C-alpha cells in the first residue's frame, strides 16, 4: 500500500506543478485539498463498512475505491516544454545531482524535522481529547474540525501564494512558524472548547504548509527536476514521519500526559522552519529568473556547483 501511494502521489504532484507553472501553489493547494475531503468522507464510512462487511470486506471495498486511481492516472498527459530537456544528461542521473545540491538537501532536512512534529496531533489528537474529558463524539468532532481547517488552509495558502507580496519561501516559513506555535499552544486546550479552537488553528496552519512545501521544491531545484526532487524529498521525510508519533507516545508514557509530547513536536517544527531561512532566494525582494515561479534551481542540463557556501 505504501509503495502504491508513493507511485501515485509523487508523479501526480509533479504533473500538477508542470501543468500550471504560473499558478503552481494554487493548483497544488486545490489538488491536495482532496485529501481533506476524502478524510472527512472516510471517517464515518470506514466504521460503517467494518460493521456491515467486517474488516476483510471493508478492505476489499476500499481497494475498489482506490482502483479508480487508474482512471485518474490515465487523464494525466506529459507536456512538451521546449525550454526543458526530457531527462537528465547521460552520466549525471538526476538523483545523484540532487544529492550533491546543498540547498535541496537543507530543504529536505527541514521537512524531516517538520514531519517529526507535524503528524503528532493527527495521530494522538483523539487520545488527547479523551485526556481532557471528551467522549467519542466530541473527540471525533475535534478531528473533523481539524480536517476541515486543514483543507481550507491548503486552498487559502495557494491563493495567497498565487498573488504574492513576498517570495514563496517566505510564505512557507511564515506558515511553518505559525504551525509550530499552534502546536506549542495545544497543551493549553484543557477543555473541549479550548481544544477545539486550538485544533482549528493548528489544522488551518498545518494545511497551509502542504501546497507550499511541494511548490517550494521547484523554487529550490527548478521545475525541470520537480518529480525527481519530490520523490527524493519524500523518501527523506518518511524518517521524520515514522519517528515523530512514536516518540510523542513514548513521552506521553514517560510523563503521564501529552504536554511534553506536543511541546517537543512544536520544537521540531520550529527547528525545520529555521532551516528554510538558509535557502538561496529567501531574502530576495523580487521573483527571480529561474522560471515562472522564480526558482533558484538547477538548469535542466546543468550540474550543481558544490562549494562550502552551498
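Even glycines carry a Cβ here, placed using N, Cα and C.
Per TrEMBL, the feature domain 'Major facilitator superfamily (MFS) profile' maps to 1-284. The feature transmembrane segment is assigned by TrEMBL to 25-46, 58-76, 104-121, 141-160, 172-189, 195-214, 226-248, 260-283. The region 'Disordered' annotation in TrEMBL covers 289-310.
Summarising model confidence by region, the domain 'Major facilitator superfamily (MFS) profile' (1-284) averages a pLDDT of 87. The highest tally of CB pairs under 8 A with the transmembrane segment (141-160), across 25-46, 58-76, 104-121, 172-189, 195-214, is held by 195-214. Put simply, of 25-46, 58-76, 172-189, the stretch with the most CB pairs closer than 8 A to the transmembrane segment (104-121) is 172-189. With a cut-off of 8 Å between Cβ atoms, the residues of this chain six or more beyond the transmembrane segment (226-248) that come close are 6, 9-11, 13-14, 17-18, 88, 94-95, 98-99, 104, 107-109, 111-120, 123-124, 214, 217-218, 220, 258, 261-262, 264-265, 268. Remote same-chain partners of the transmembrane segment (58-76), defined as residues 6 or more beyond its termini with a Cβ less than 8 Å from a stretch Cβ, comprise 4, 8, 11-12, 15, 46, 49-50. Beyond its flanks by at least six residues, the transmembrane segment (25-46) meets 12-13, 16-17, 19, 58, 62, 140, 143-144, 147-148, 150-152, 154-159, 161-162, 168, 171, 207, 210-212, 214-215 of its own chain at Cβ-Cβ distances under 8 Å. Same-chain residues lying 6+ beyond the ends of the transmembrane segment (195-214) with a Cβ under 8 Å from its Cβ atoms: 13, 17, 25-26, 28-29, 31-32, 36, 111, 114, 118, 121, 125, 128-129, 132, 134, 141-143, 145-154, 156-158, 161, 168, 171-172, 175-176, 178-179, 182-183, 185-186, 188-189, 230.
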